[in-house]
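Engineer: Could you have a look at this structure, given as C-alpha cells, before my questions?
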Ligand SMILES: NC(=O)C1=CN([C@@H]2O[C@H](COP(=O)(O)OP(=O)(O)OC[C@H]3O[C@@H](n4cnc5c(N)ncnc54)[C@H](O)[C@@H]3O)[C@@H](O)[C@H]2O)C=CC1
Ligand SMILES: O=C(O)[C@@H]1CCC=N1
C-alpha cells in the first residue's frame, strides 16, 4: 500500500475530470491516482497528465485506499461486479452516481466483500469542482466509521464545500439543486448573452456583462445578511424596467424552467434506477448474446442433468401424490406440498446460472410434467399439468430475473406467489372446468397451501443462495 492518499476513479469521464482537476496538486499528485476507464481516448487524456490508467479493473486497484465510482448509473452494477473482488477491508468506497441508493450499491458490493460494503459513502458533487468551487452533498450509511467520514470529507473538501445530509432521500434534492444546478446556471448565462446580443451588444460585451453580473450577484447573495428575495427587491424599482422584465422573466423562466424541472427531477430520481432498463441491461444484452456471462456461472452438462433429474423427481412425485389416495382432506393433497419445491429449484438455478439456463431446465421438466401426468392420469389432466407448469415456471423465471437485485427475499417470494396462483388456477381450470369435480374448492385449498409453502421455502432459499444458488464468478 502506498503511503500518501491514493484514489482510484472507476469511470474517468466528465465528473471524474472535474474532481481530479480540483484534487490534483492539492490533496493528491498524479502518481497517487488511478483511472479505470474502458475508453481509450479518456485514458490517453489522463495519461498525458501523468495519471496511471487501466482499461479494466485489476489487482492494482487493491493498492488504492479510496475508490470513487464515477460511472453512469446504468453501468454501475456492471462496474461494481467487475471490480469488487479487489476491495480491501479498509477501502473507502464513494459513489457519485445520481439516484442509486446505498442499499442497491451495498447489495452489489456485499456479494464480494461484506466488510467493505459498510465503508460506503454516497455523494453528489458538481462540476465547479474543477476549479475547487464545487459543492458536494454527502451521505454515509449509519455504520460507516467516523474516520471514513473524515476521509471522505477531506477528499471532497479539497474540491469545494461539503454538506452532509442525514437522510439519503435528501441527496436526491441535492442532485436536483446543486448536482444539476450548474447546467441551469449555464443555460441562464447563455440566455442572458443571447438577450444582450439581440439588444445590440457584441458577443464579448454581452458575455462579460452576463458573467460579471452572475458573479457579483452570487457573491453579494453569499455575503449579505439579507435573503435573496430582499436583494431582488432592492434592484426592482416599482413600475420600473426591472419589474417589467421580472414579471415575464420570473414567471416564464424561474417558475416554468427552474422549479418544475427541479421538482420533476426530485420526484423522478428515486424511481430512476427502477424505471430505466439500463442497470440490468448491459448484463441482459450480454446474456442474450452470450450465455457464458461473467455474472452467471456456465452450466455444465452434468449440472444440467442433475437439475433435470431433481426437477423430474419432484414433478413425478407430485403427480403421484396428487392422486385421490394421497388426499389429506377434501381440499388438500400431498402433491400440493411437494410441488412448490420445483420453484425453489428454478429460483436457485436462475440465481446461479441465469434465466436462460433456468428456462432450459424447465423446458425439459415440462416434458416430464406431461409424461408423468399422462402416466397417472388422463390426457386432459396431462395437458393441464404441462400448460400450468410451463406458464408458471416461465413467469417465475421472468419475475425472479426482474427482481433479482432487490432485497434477497423479494424475487423468490413475489415470483413464487404469482407463479403459484397462475399454476393452480390454470391446472384446475384446464383439467376440471365443466366436470363434477369441485375444482374451485380444490384449487383454493391448493393455492392456499402453496402460498404458505412458498413463504416457508424462503428459509431454504436463503440458506442455499450462498452456496448452491451462488454464481461462481461472484464467489471469486
Ligand atoms: N456530470 C455531472 O455534472 C455530474 C455527474 N454525476 C454522476 O457522475 C457519474 C458520471 O457522470 P459523468 O462523468 O457525467 O459521465 P461520463 O459519461 O462523462 O463518464 C463516465 C465514464 O465512465 C466510463 N465507463 C463506462 N463504463 C465503465 C466501466 N464499466 N468501468 C469503468 N468506467 C466505465 C466511460 O467510458 C466514461 O468515461 C454519473 O453517475 C452521474 O450521475 C454526479 C454529479 C454531477
Ligand atoms: O445529469 C445527471 O444525471 C448528473 C447528475 C447531476 C448532474 N449530472
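Even glycines carry a Cβ here, placed using N, Cα and C.
This is the feature table in TrEMBL:
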type	residues	note
DOMAIN	6-99	domain 'Pyrroline-5-carboxylate reductase catalytic N-terminal'
DOMAIN	168-256	domain 'Pyrroline-5-carboxylate reductase dimerisation'
TRANSMEM	304-322	transmembrane segment
TRANSMEM	328-349	transmembrane segment
TRANSMEM	361-377	transmembrane segment
TRANSMEM	383-401	transmembrane segment
TRANSMEM	413-435	transmembrane segment
TRANSMEM	447-465	transmembrane segment
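Context for these features, please: burial, neighbours, distances.
Structural biologist: Mean predicted confidence for the domain 'Pyrroline-5-carboxylate reductase catalytic N-terminal' (6-99): the pLDDT average there is 95.
With a cut-off of 8 Å between Cβ atoms, the residues of this chain six or more beyond the transmembrane segment (304-322) that come close are 333-339, 341-342, 345-346, 349, 357, 360-362, 364-365, 368-369, 372-373, 375-377, 385, 389.
Under 8 Å from some Cβ of the transmembrane segment (413-435) lie the Cβ atoms of residues 340, 343, 347, 380-381, 383-385, 387-389, 391-393, 395-400, 403, 442-443, 446-447, 450-451, 454-455, 457-458, all in the same chain and six or more residues away from its ends.
Proximity of distant same-chain residues to the transmembrane segment (447-465), defined by a Cβ-Cβ separation under 8 Å and at least 6 residues beyond the stretch ends, is recorded for 332, 336-337, 339-341, 343-344, 347-348, 351, 408-409, 412-413, 416-417, 420-421, 423-425.
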Engineer: Quick test of the contact rule: Cβ under 8 Å, at least six residues beyond the ends. What residues does that give for the transmembrane segment (328-349)?
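Structural biologist: Same-chain residues near the transmembrane segment (328-349) but 6 or more away: 299, 307, 310-311, 314-315, 317-322, 357-358, 361-362, 365, 389, 392-393, 396-397, 400, 411-412, 415-416, 419-420, 441-442, 444-446, 449-450, 453-454, 457, 460-461, 464-465, 468-469.
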Engineer: Grab the same-chain neighbours of the transmembrane segment (361-377) for me: Cβ-Cβ under 8 Å, and only residues 6 or more beyond its ends, written as numbers and ranges.
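Structural biologist: Result: 304, 307-308, 311-312, 315-316, 319-320, 323, 342, 345-346, 349, 383-386, 389-390, 393-394, 397.
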